[in-house]
Amino acid sequence: MAEVLLKIDGIVKRFGGLVALSEVGLTINKGEIYGLIGPNGAGKTTLFNVLTGLYMPDEGSFTFNGQNLFRAKPHVVVGAGIARTFQNIRLFKEMTALENVMVGRHIRSKAGALGAVLRDPRTMAEERAIRDKAMELLAYVGITEVAHEFAKNLSYGHQRRLEIARALATEPKLLALDEPAAGMNPRETEELKALMEKIRASGVTVLLIEHDVKLMMGLCDRIAVLDYGKKIAEGVPEVVRRDPKVIEAYLGVAHE
Amino acid sequence: MNTMTKQPASAKKVATFVASAIVLAVLPFIVGGTFGNSWVRTLDFALLYVMLALGLNIVVGFAGLLDLGFIAFYAVGAYTFGLLASPHFSLDMPFWITLPLGALFAAMFGVMLGTPVLKLKGDYLAIVTLGFGEIIRIFLNNLNAPVNLTNGPQGINLITPIEVAGFSFGKPHEFFGITFNGVYMYYYLFLALTVLVVIMAWRLQHSRIGRAWVAMREDDIAAAAMGINIRNIKLLAFALGALSGGVAGGLFASFQGFISPESFGLLESIMILAMVVLGGMGNIPGVILGAVVLTVVPEVLRDVIGPLQMATFGKMIIDPENARMLLFGLALVVMMLVRPEGMLPSKRRKAEFEDAKEGV
Amino acid sequence: MDIFIQQILNGLVLGSIYALIALGYTMVYGIMGLINFAHGEVVMVGGMVTVSVVSALMAAGLGLPPLALILIGLMVAVAACMLLGFTIERVAYRPLRKAQRLAPLITAIGVSIVLQQLAILVWGRNYIPFPPILDHDVIQIFGASITRLQMVIIVLCLAIMGGLLLVVEKTKLGRAMRATSQNPAVAGLMGVNVNTIISATFVIGSALGAIAGLMVATNYEQVHYYMGFMIGLKAFTAAVLGGIGNLAGAVAGGILLGIIESLGAGYIGDLTGGFLGSHYQDIFAFAVLIVVLIFRPSGLLGEKMADRA
């Protein structure tokens with residue numbers, strides 16, 4: 001039996017009178033690649049923001065790795081081991097690629113203002129470790145050569161990879177990727193797929209939102225489908241693909 | 001780039017360092033000998049303002065929090081020192097108590113101001129901090145009744161100069177048969193402290209904390225999503241900025257021997273913000289340059305505008321004080337139109353301003 | 001009880017002046033998202049010009065009645081301030097429309113300082129009394145007194161504000177202004193000349209500022225180069241209180257702030273057991289500002305801003 005990493009139940013999120021998520025529940029197991037799909041406006045990104053602490057859900061429960069994360073602040077969520085990327089890349093544009101990844105180490109390091117000013121040996125050692133780890137991660141996603149470029153000057157594909165490296169720097173147990181393949185050409189998408197397999201093989205669980213249903217079917221171990229803020233299906237791709245509710249949801253928007 | 005990894009100091013760097021140390025050491029003698037002691041006093045003030053501007057730069061430049069009430073922390077530091085070391089309460093505490101205490105109080109005020117405004121950004125933050133600064137000033141002005149705490153508009157007089165082991169910085173001293181006025185003593189004291197503040201600011205900038213500030217300034221949502229505790233890192237910026245302001249305030253009180261609410265008005269806050277912005281926000285050398293220019297140039301103008309008018313027109317057409325402020329206002333406008341990134345911008349800031357121009 | 005009604009009346013007078021100035025802030029903010037820090041100085045210039053013109057006309061000995069003197073003074077002041085507002089936008093803000101937010105704020109502060117210094121240059125540093133033509137007849141209402149002049153101030157303010165709302169809601173110019181504040185780019189595509197609209201906003205706001213300047217001058221019977229700073233700040237607070245960008249909100253916020261301030265000043269001594277006196281009056285505006293921004297940053301009538309990631 002697979003070990004549960006993340007479990008949410010009955011999650012409700014409202015914006016004013018609008019119910020964006022209604023009683024959504026799902027479980028993600030350790031070591032899998034879990035996909036989240038659904039038509040535009042189905043609430044994928046909202047759910048994603050709830051799972052990464054950017055939105056406070058109104059009702060429900062949220063446990064991760066045995067820790068209660070219901071209405072937890074983003075930095076607590078990251079500390080517990082969930083890291084994310086953004087659909088519309090949110091790098092620190094005027095920081096170098098290396099600095100971006102170093103920021104990702106923030107939660108796993110401790111030096112405070114006093115250490116920064118005094119530069120005691122421990123702080124210096126930690127700073128070196130932050131830097132080394134960041135370089136290692138840049139190499140891991142294959143963009144060492146642009147380490148000292150401003151993030152905004154990187155190519156689109158490199159920016160996507162940098163965002164993943166920055167997220168990995170927080171040492172996540174669950175890496176949540178919001179449409180990482182958006183705007184990529186087929187070759188880049190293939191490379192990204194390989195990177196995700198590599199990340200999973202290293203023991204990190206992956207949560208993925210993607211528009212490209214075909215890509216998701218080939219890559220994910222399990223998939224949940226959202227429509228109008230509700231989960232309408234969850235399971236292995238073969239089963240989900242044949243689910244009449246899913247087909248209806250997608251056909252329903254297809255001729256829009 | 002990262003400066004924490006030790007690089008062998010090049011001969012050129014060492015030479016620059018030694019040269020600037022010598023220049024800074026003999027500067028008061030050159031200035032004092034050529035233009036008189038009042039100009040050494042101006043140098044002292046320039047150093048005080050460098051400390052203040054570097055403090056504000058932590059808040060505005062590093063963390064991106066627009067603060068228009070920074071002078072309040074200067075006031076807190078100054079009044080702490082003044083009240084504890086003057087005849088007003090018949091107290092005479094030594095500086096090593098009053099100065100740290102003032103810094104601590106200022107930092108506490110920083111956190112007090114910072115906590116309610118955590119969610120505010122940009123202009124709104126500027127206006128609220130401005131209001132906070134005015135509130136502090138109004139209290140200083142009025143807390144002379146029914147209990148006389150601050151002595152109201154009259155201010156606090158006869159504040160004890162800083163004294164180390166019987167050596168008073170306020171009195172003239174004789175070395176090698178030459179008498180040095182107090183302004184010279186204070187110059188070296190302020191210089192030493194300024195160097196400390198510069199090192200502090202520099203090291204903070206190039207640390208884990210400094211990176212978190214930049215990250216928050218550039219995109220607070222992404223920063224939070226990377227595990228930065230936005231609340232703490234913001235409050236830390238307010239506290240550390242206020243701390244520097246508090247130290248500078250204490251030094252100001254002991255140096256002047258007199259403080260009153262008038263020294264802590266909005267215009268002073270604007271002046272310090274202008275030093276940071278015109279110098280080059282976020283860039284320590286830029287901020288230092290800004291502080292020095294905005295302290296020295298108005299003094300020069302004070303001396304030049306009057307005589308210049310007498311020489312050209314034979315009479316005073318415009319009062320020098322008036323002309324000075326007029327030029328300051330114009331300089332703010334022109335600088336923002338022509339070079340919004342400041343005289344010496346950091347690479348990062350420059351890039352940000354270019355983005356803004358392109359409408360990114 | 002008499003004190004209570006008296007303070008409410010005082011608050012209404014003060015509040016309607018705040019409201020008039022707050023409209024200037026809120027219009028500009030609604031359209032450009034910019035705090036026109038120099039608006040308080042426009043009010044000051046309005047007051048100064050009126051006083052100068054009235055004094056000059058009296059010195060000329062034409063024997064005009066007081067109402068005519070004030071009307072002529074006001075017309076000159078309104079014209080001067082409209083020109084001033086137009087110029088400020090052109091010189092100091094338009095080139096920075098795409099710049100980072102800090103830049104226009106600093107320019108605005110610079111413009112403020114320049115205008116104050118120019119005022120010193122022209123009118124000097126001293127308080128200038130309003131020429132002695134004002135009527136001091138007092139009307140009694142529920143045991144409280146108010147001068148006829150103050151009644152006129154309240155009524156006039158309300159009339160002007162009503163007129164402005166009509167302009168914004170019913171005219172073509174108003175429609176273009178609303179469109180621009182929604183989305184300047186789209187408004188531009190729809191054939192609205194955004195530059196003209198922004199200029200018009202500044203000009204109208206400045207005209208209101210000039211009228212407010214006259215009212216401040218008559219109410220306090222003096223003018224001063226620094227008079228715009230505090231009143232500008234308070235009017236800005238009023239705009240925030242009502243919900244910045246919202247015209248009706250500015251009016252409501254102005255009147256409410258005026259009343260809070262007078263009641264506060266009237267009762268602060270009692271409330272604090274005599275520890276704080278009425279010279280703390282100025283603190284109320286800032287306290288209100290801080291409390292509103294913390295608990296309801298969108299203001300009383302503003303729309304709640306959705307949190308977006």
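Even glycines carry a Cβ here, placed using N, Cα and C.
TrEMBL annotations: computationally assigned, not manually curated.
Among the features that TrEMBL reports, transmembrane segment is placed at C:12-35, C:42-62, C:68-93, C:105-128, C:148-168, C:189-217, C:223-241, C:248-268, C:283-302.
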Can the transmembrane segment (C:283-302) be said to touch the transmembrane segment (C:12-35) if we require at least 3 CB pairs below 8 Å and skip pairs under 6 apart in sequence?
no
Looking at the transmembrane segment (C:105-128) and the transmembrane segment (C:148-168), are there 3+ C-beta pairs under 8 A, with each pair at least 6 apart in sequence?
no
For the transmembrane segment (C:189-217): best-contacting stretch of C:42-62, C:68-93, C:223-241, C:248-268, by Cβ pairs under 8 Å:
C:68-93
Contact set, same chain, for the transmembrane segment (C:148-168): CB under 8 Å, 6 or more residues outside the stretch:
9, 12-13, 16-17, 19-20, 23, 134-139, 174, 177-178, 204, 208, 211, 215, 218-219, 247-248, 251
